[in-house]
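S.K.: Feature annotation from Swiss-Prot assigns transmembrane segment to 46-69, 135-158, 175-199, 273-291, 330-353, 369-395, 417-439, 517-535, 575-596, 643-665, 707-727; the stated evidence is sequence analysis. Annotated [4Fe-4S] cluster binding site per Swiss-Prot: Cys559, Cys568, in sequence order. The chlorophyll a B1 binding site annotation in Swiss-Prot covers His654 and rests on sequence analysis. Taken from Swiss-Prot, the feature chlorophyll a B3 binding site covers Met662, Tyr670. Feature annotation from Swiss-Prot assigns phylloquinone binding site to Trp671; the stated evidence is sequence analysis.
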Amino acid sequence: MALRFPRFSQGLAQDPTTRRIWFGIATAHDFESHDDITEERLYQNIFASHFGQLAIIFLWTSGNLFHVAWQGNFESWVQDPLHVRPIAHAIWDPHFGQPAVEAFTRGGALGPVNIAYSGVYQWWYTIGLRTNEDLYTGALFLLFLSSISLTAGWLHLQPKWKPSVSWFKNAESRLNHHLSGLFGVSSLAWTGHLVHVAIPGSRGEYVRWNNFLDVLPHPQGLGPLFTGQWNLYAQNPDSSSHLFGTSQGAGTAILTLLGGFHPQTQSLWLTDIAHHHLAIAFIFLVAGHMYRTNFGIGHSMKDLLEAHIPPGGRLGRGHKGLYDTINNSIHFQLGLALASLGVITSLVAQHMYSLPAYAFIAQDFTTQAALYTHHQYIAGFIMTGAFAHGAIFFIRDYNPEQNEDNVLARMLDHKEAIISHLSWASLFLGFHTLGLYVHNDVMLAFGTPEKQILIEPIFAQWIQSAHGKTSYGFDVLLSSTNGPAFNAGRSIWLPGWLNAINENSNSLFLTIGPGDFLVHHAIALGLHTTTLILVKGALDARGSKLMPDKKDFGYSFPCDGPGRGGTCDISAWDAFYLAVFWMLNTIGWVTFYWHWKHITLWQGNVSQFNESSTYLMGWLRDYLWLNSSQLINGYNPFGMNSLSVWAWMFLFGHLVWATGFMFLISWRGYWQELIETLAWAHERTPLANLIRWRDKPVALSIVQARLVGLAHFSVGYIFTYAAFLIASTSGKFG
């Protein structure tokens with residue numbers, strides 16, 4: 001008999017039902033569960049798949065460059081970044097006739113196009129690209145990298161090139177390679193690009209391979225570096241009247257600490273950015289050389305962790321046993337990596353708008369909104385994934401003997417205290433925040449808005465003042481002109497920073513009031529509840545009072561059969577599943593808050609946010625309803641407009657989102673009955689009954705149906721908000 005799918009599991013391949021297909025897809029990437037898997041093959045498979053991932057990323061970014069070069073308007077955008085709308089790519093086949101063609105022909109294009117809200121134009125412009133030829137060259141280079149990655153992936157699956165397990169578990173060498181080799185060297189290389197290409201480009205000098213060796217990035221060359229007069233590289237920076245991309249008002253400095261923003265582009269000074277990357281490179285190059293590799297010098301990670309025993313005794317045996325636990329568990333390592341990446345992605349969202357690095361991106365409001373929202377959602381999914389793999393670690397990889405009385409074991413020992421504290425925090429935040437909102441709603445409903453409970457966020461305002469914001473009148477730290485902090489920075493970065501933080505047209509340290517106080521606590525509620533569900537799922541993954549042998553059932557199980565009531569919905573997977581809803585909920589509040597506050601800031605009517613954000617009806621009426629008018633008007637009796645596609649996506653997103661509930665509410669029995677009825681009808685219908693299947697149709701398991709429901713809910717939720725965000729912002733600001 002021919003090998004049936006899935007080849008990695010003979011047990012599943014012989015299953016006579018459609019379960020074979022669905023379980024096969026579900027476990028395709030769970031290499032640990034495959035037949036004949038060894039630890040060595042597991043590591044090699046994962047390692048090789050990383051190269052495939054890199055190849056896809058390079059191919060995708062190459063496609064971005066290629067399509068903009070081919071169908072975009074990069075060269076005309078470069079001439080006037082503030083008024084030309086950047087084109088992402090052409091629309092091949094515009095449906096709905098002539099009105100659609102006219103509606104989508106914009107940005108100086110000859111036919112229908114999509115506008116780019118990704119910020120790539122601003123990024124490419126800032127790093128020194130100027131022509132379509134530059135874009136094509138970049139696309140070809142990335143295509144080359146993509147094919148190299150694919151080749152490397154294939155190569156590392158060949159017997160001669162397969163690394164051994166000991167190579168994968170050599171933690172110090174991996175740290176050396178990642179910290180120094182990847183982060184350190186790439187940061188240094190990026191500094192080099194900024195200094196040699198981007199900064200001259202911002203001063204109107206076009207540096208390419210043909211003149212790269214002739215153009216000195218700094219008039220004094222490498223002299224100051226070798227004589228130790230590094231401060232010369234910071235002298236004569238660009239002036240405040242500098243026109244980006246030209247020599248008008250340009251200086252000669254390459255590494256500065258000016259602080260604040262370039263007045264024309266409203267983005268960080270490129271010379272400050274180069275300085276930052278050089279510092280990062282230095283730190284990582286040093287960090288990567290601190291651990292003992294082939295030369296017998298430096299720290300051993302194992303020795304470090306074994307020595308970490310707090311003397312007070314309150315943390316037991318401290319970090320003893322952690323080295324082997326982490327180094328032998330791929331899930332623990334993945335959990336750590338995802339947690340770090342999730343935090344970084346959220347930080348990227350926060351910093352991209354408050355400290356924009358790319359020229360003119362701060363004035364492209366739709367792009368700012370899209371990038372913030374995109375990065376926050378990505379961060380949410382990555383963070384929940386971190387806890388999922390943390391739970392899988394506890395089920396598959398945790399060894400109690402190896403971790404006796406260390407910090408990991410102690411987390412499990414006092415999990416009741418952790419979970420109940422999180423529960424208490426969530427309840428406190430939820431009841432008090434909702435109570436304040438609802439009280440304010442009632443006061444407005446009865447026509448007595450002056451009876452609202454409005455709380456000034458004085459602690460947050462004090463923190464903003466400490467960073468130099470003067471409008472609140474706190475005379476503290478950087479907002480006090482006679483303190484040591486103020487005097488220390490006055491000659492370098494401080495004037496630029498103070499100018500930026502007290503300027504009302506950017507997004508740096510926005511003025512906050514009672515509406516911000518309330519939504520801050522609503523978001524805190526969402527964060528604590530999401531954390532509660534995820535932490536409980538991981539800490540109870542091995543077992544609980546209700547089900548002490550839970551770890552024997554694996555990561556996801558629906559229920560444990562008759563006679564053990566209450567064991568439904570308590571697998572670690574169920575906790576992850578529930579937490580994703582709360583994560584989406586929380587990021588909804590975060591993005592609503594960000595978007596509404598910024599819309600009013602950009603339109604110059606900040607009072608709308610300040611007055612309406614203190615009660616729920618204000619959010620529903622003055623943010624959601626008021627800003628969805630563009631979507632509801634996307635097509636009307638007078639034909640189409642350029643927002644029609646978003647109006648359609650808004651409806652379609654709602655549809656996908658609502659479909660999720662169908663899977664979330666009706667469970668396995670319903671689908672099984674439905675499928676059997678459909679199969680019966682199929683077999684008795686002429687022509688249709690000529691098509692037969694080998695597998696007996698079986699409904700999805702409860703766990704799978706929940707996954708399908710969750711996927712529809714998440715995708716629909718994000719599609720709906722993406723359409724709302726882009727249409728309402730671009731409808732106002734073009």
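Note: Cβ is positioned from N, Cα and C throughout, glycine not excepted.
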S.K.: Can you grab the distance from the residue listed as 'phylloquinone binding site' over to Cys559 ([4Fe-4S] cluster binding site)? Cα atoms, rounded to a whole Å.
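M.R.: Here the two Cα atoms lie 18 Å apart.
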S.K.: For the transmembrane segment (707-727), which partner among 46-69, 135-158, 330-353, 575-596 gives the most CB pairs under 8 Å?
M.R.: 575-596
S.K.: Within 10 Å of each Cβ, count the other Cβ atoms and name the one among the binding-site residues Tyr670, Trp671 with the highest count.
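M.R.: Buried the deepest by this measure is Trp671.
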S.K.: Counting CB pairs under 8 Å, which listed stretch among 46-69, 517-535, 643-665 touches the transmembrane segment (417-439) the most?
M.R.: 517-535
S.K.: Measuring CB to CB from His654 (chlorophyll a B1 binding site), give everything in the same chain under 8 Å that is also at least six residues away in sequence.
M.R.: Gly716, Thr720
S.K.: In terms of Cβ proximity under 8 Å, which residues at least six beyond the ends of the transmembrane segment (273-291) contact it?
M.R.: 171-172, 175-181, 183-185, 187-188, 190-191, 194-195, 198-199, 234, 254-257, 298-301, 357
S.K.: In whole Å, how far does the CA atom of Cys559 ([4Fe-4S] cluster binding site) lie from that of Tyr670 (chlorophyll a B3 binding site)?
M.R.: 17
S.K.: Under 8 Å between C-beta atoms and at least six residues away from its ends: which parts of the chain pack against the transmembrane segment (517-535)?
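M.R.: Contacts with the transmembrane segment (517-535): 384, 387, 418-419, 422-423, 425-426, 429-430, 432-433, 436-437, 455-457, 460, 575-576, 578-579, 582-583, 585-586, 589-590, 593, 613-614.
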S.K.: Within 10 angstroms of the C-beta of Cys568 ([4Fe-4S] cluster binding site), what count of other C-beta atoms is obtained when all protein chains are considered?
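M.R.: Around the Cβ of Cys568 ([4Fe-4S] cluster binding site), 13 other Cβ atoms lie within 10 Å.
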